[in-house]
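Here is the structure we will look at, set down as structure tokens.
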Amino acid sequence: MVDDNGSSPEVEGAEGAGAPLLALLRVDGLNQTQTRSPSPSFFGSYNISEDVYFYFNGLPTSTELVLNATTSATSATLSPAMVATGGGGTTTPEPDLSEFLEALPNDRVGLLAFLFLFSFATVFGNSLVILAVIRERYLHTATNYFITSLAVADCLVGLVVMPFSALYEVLENTWFFGTDWCDIWRSLDVLFSTASILNLCVISLDRYWAITDPFSYPMRMTVKRAAGLIAAVWICSSAISFPAIVWWRAARDGEMPAYKCTFTEHLGYLVFSSTISFYLPLLVMVFTYCRIYRAAVIQTRSLKIGTKQVLMASGELQLTLRIHRGGTTRDQQNQVSGGGGGGGGGGGGGGSLSHSHSHSHHHHHNHGGGTTTSTPEEPDDEPLSALHNNGLARHRHMGKNFSLSRKLAKFAKEKKAAKTLGIVMGVFIICWLPFFVVNLLSGFCIECIEHEEIVSAIVTWLGWINSCMNPVIYACWSRDFRRAFVRLLCMCCPRKIRRKYQPTMRSKSQRFATRRCYSTCSLHGIQHVRHNSCEQTYI
């Protein structure tokens, strides 16, 4: 029954009781055969379909229920997000988010749960990185400070940006949190994503400086300089995000559509932000990693060549050789054998090096004849026992050897770090390149993108996958971070489990013991301290 004003008494009673819009629609949709004429106070002049509301509440859609509005028949299916203000001045109750979530179909609920789980994994993994660098002193390096800044940006993406985007996508681009928070959320999305990309760019520059100029790098990359670079990253990211939102709100024509969270599609801003946020950092990263790869190949080749030259001349182990003093291999060999009874041979290789250890250790190398005999009790002691005839020469030579081993170990760690960060860069390109291609294409030719909303959602979440992948890459490729992660994860475990994993971690006392081992070998020349074991402990 409809009164003179065109409104239903049941509806008025429900509205007076403060029932939500979905309940009103449920009351009106009970009689499927009755043709209704809802008043303008319901939907007014809005060309709005009730399909999604009926779908969410298990009611017949417009294909089964004919709705004849007083102004015009509803023909298009729009988003359920709306504020229906009628010509009579009556405002319908605003849709409630909780009711929408309760009425979601199972497939949408599963998608929402998956996206929330993905957001949690991003926050959890990056929080591990942050806590690891804070707790473990051996991770207090300039590179790891940059990685911490990257983890902070990625963690905030998972904490602030992803959950609201998940709701927005699952509810078919419906925004329930107001216009102000929409603008803030969009600006934070730009801020954190740009900061993540720029941090990767700074990390690539840091690795480039460390590998191409390793001697001056420790003096150049101080804590203050690292803090300055991190501050520059966040200031630049803020300059791209927040002022643009202020400009966007001032230049926007009219009010933002109700229950929508749109962002500027101005071509100038899209080109500017994409260039600063992605394309320039991408060029810098590609350039630096190409140079890093070339430098690593050259240094690795030179180390191998230098080691082989000394191996052919003296027959010693690799870590006791190759000293950069400007001299030749013959000079280095004479330094080792010059003070004892061995008698260093000339360049023709006819000489021999022999000695007798106090514990019946003996070995003989005949370079000319090509024969080698060895009768040691402990073969691993040969590199040290071969030098015991001349204490001063042994002391100098071992000091050089240990210095070389430290350089080799440091270079190996630098090269592995560069490889790890190269993988990070590759994942970064795969994740973010589609988004910025679509971002620019939407400014030039939005019609060229079929199913634009679906494509935008896919490439956006693909970019956010990068924030979740970085901690996984650190755990898989960085032994230091892997140790720190195990420590953190075992803190809540029983003491037996913590003790089980404790020997696999290099503690502070173990690092000091390693240094004492090198000091003892260098100063006192103890014959039974194995060179190889010292090196393995150090590395």
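The first residue you see is number 1, and the count goes up from there.
In case you wondered, yes, glycine gets a Cβ from its N, Cα and C as well.
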Going by Swiss-Prot, do Tyr259 and Cys476 end up on one side of the membrane?
no
Could you tell me which of Cys155, Cys201, Cys236, Cys261 is bonded to Cys182 by a disulfide, according to Swiss-Prot?
Cys261
Of Asn68, Asn401, the residue that Swiss-Prot annotates as N-linked glycosylation site is Asn68
Can you tell which of Cys182, Cys261, Cys492 has the least company, meaning the fewest other C-beta atoms within 10 angstroms of its C-beta, among these recorded positions?
Cys492
DSSP-derived helix, strand and coil totals, residue by residue, for the topological domain 'Cytoplasmic' (207-227)
15 helix, 0 strand, 6 coil
Spatial neighbours of the topological domain 'Cytoplasmic' (135-145) far in sequence, C-beta under 8 Å, 6+ residues away:
203, 206-207, 210, 221-223, 225-227, 230, 417, 480-481, 483-484, 487-488, 506, 508, 511
In three-state terms from DSSP, label Cys261 (disulfide bond) for me.
coil
